[in-house]
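Engineer: Before anything else, here's the structure in question.
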Amino acid sequence: MEIQWLLVVHGLVTLLVVVSLLCGHWPIFQGTFIERIHYFITFGAYDYFLRFVAVIFGSRGRNCFLAVEHYLCGRPNPILQLLYLSILGVTYFVIVKSSFGYIPGYYVSELHRYTSMLAVGVGVILFLLTSFSDPGTVTAENVSQYISAYPYDNILYVEKECSTCKISKPARSKHCSICDRCVARFDHHCGWMNNCIGEKNTRYFLAFLLWHFLICLYGAVVLGFILVGELKERRIIDILTVYYGVENSFSSLFPYIVQWLLSAYNTQILLIMFLAIVSLLLAGFFGYHAHLCLTNTTTNETFKWQDYISWKRKLNEAKSSAAALKASIHAMNGESKPPKSKWRIFFRRSPLQNEEVVRKNNVYDQGIASNLFEIVFPLSERRSFFCRKSE
Ligand SMILES: [Zn+2]
Ligand SMILES: [Zn+2]
């Protein structure tokens, strides 16, 4: 049973790393080991590694590493695109080699040989569409079209010029330092796509995430059905209960079945685990981006709103503190009204609690249906915009 425990430990460690990486900075994990793991993965490990390189190879080695890092992370390059294609290709190849021999099986029809190929093909098409489509590059020729798409909210966006491109910056656009261009409704720069995600390709990016979540789930479920079919076809339960005298109950049969599957179908078990973990990650990522699209916010704007709200809160706190100080000075100078009862003083609100609540006022949020429509048919591409402009 050692392999089972190894798989359980592997699953738990993967879960811990993923949760720490994605959620370790959340307030509920403050001061816990999950926050420490998050810090180690995101900053600490890199810092230790740089120090280690400097100790072993000296400052020249460190500079050489930083130059390579700049090429890999600071400039457009196809390394992650090639990594995606190789992961997809190798996984599909291993599935074909290890499991197509069981198709058609007890539960899985021959159709799945072709539908799986089609599913992977559509996945690659969505990847190419997201990678090589224009995210909404703002140029001197089309800038007026992008400016008319979104108004300036005067909170996150005010009318100004991009200091690098020397053209007006449309509301919701951002200059991508990796691609060195301004992108309309900028979401983020995606290393896997080697492209920015902006107004015109968010739809392909979302479709890519959803489709890859579905094909991973599809692969895991079909592989699961192949294994259940084998169990049925080889009459394993009958053999165990009749010939080996194992009690015919789930708890008695389960360890034997797991042992049999791990010895005869370990490739399929590993594939199922891999596909299940990747599909969970993709589901989380798709859920996050779908929520952003439904509320008409971009990843870039979530950071901007966080900064704005924390700045506004600090400002309000400072205002309330000043008001509280002023009130206590008046009280000390004897300008206070007749003394209130002890209980009223005890239960009165602290002047610091009188701060106005800071709320996100997203002027671009037009309701779920309209927001979704805007993702599928970007504003700057719509005919009505051209007509309105030419009037
Ligand atoms: Zn720019
Ligand atoms: Zn970019």
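Glycine is no exception: its Cβ is also placed from the backbone N, Cα and C atoms.
TrEMBL: automatically predicted annotations, no manual curation.
Feature list, courtesy of TrEMBL:
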TRANSMEM  6-28  transmembrane segment
TRANSMEM  40-59  transmembrane segment
TRANSMEM  79-102  transmembrane segment
TRANSMEM  114-132  transmembrane segment
DOMAIN    159-306  domain 'Palmitoyltransferase DHHC'
TRANSMEM  204-228  transmembrane segment
TRANSMEM  240-262  transmembrane segment
TRANSMEM  268-288  transmembrane segment
Engineer: Counting by DSSP, what is the helix, strand and coil composition of the domain 'Palmitoyltransferase DHHC' (159-306)?
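Structural biologist: Counting residues per DSSP class in the domain 'Palmitoyltransferase DHHC' (159-306), I get 92 helix, 16 strand, 40 coil.
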Engineer: Suppose you look only at the domain 'Palmitoyltransferase DHHC' (159-306); what would the mean pLDDT be?
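Structural biologist: Here the mean pLDDT over the domain 'Palmitoyltransferase DHHC' (159-306) amounts to 93.
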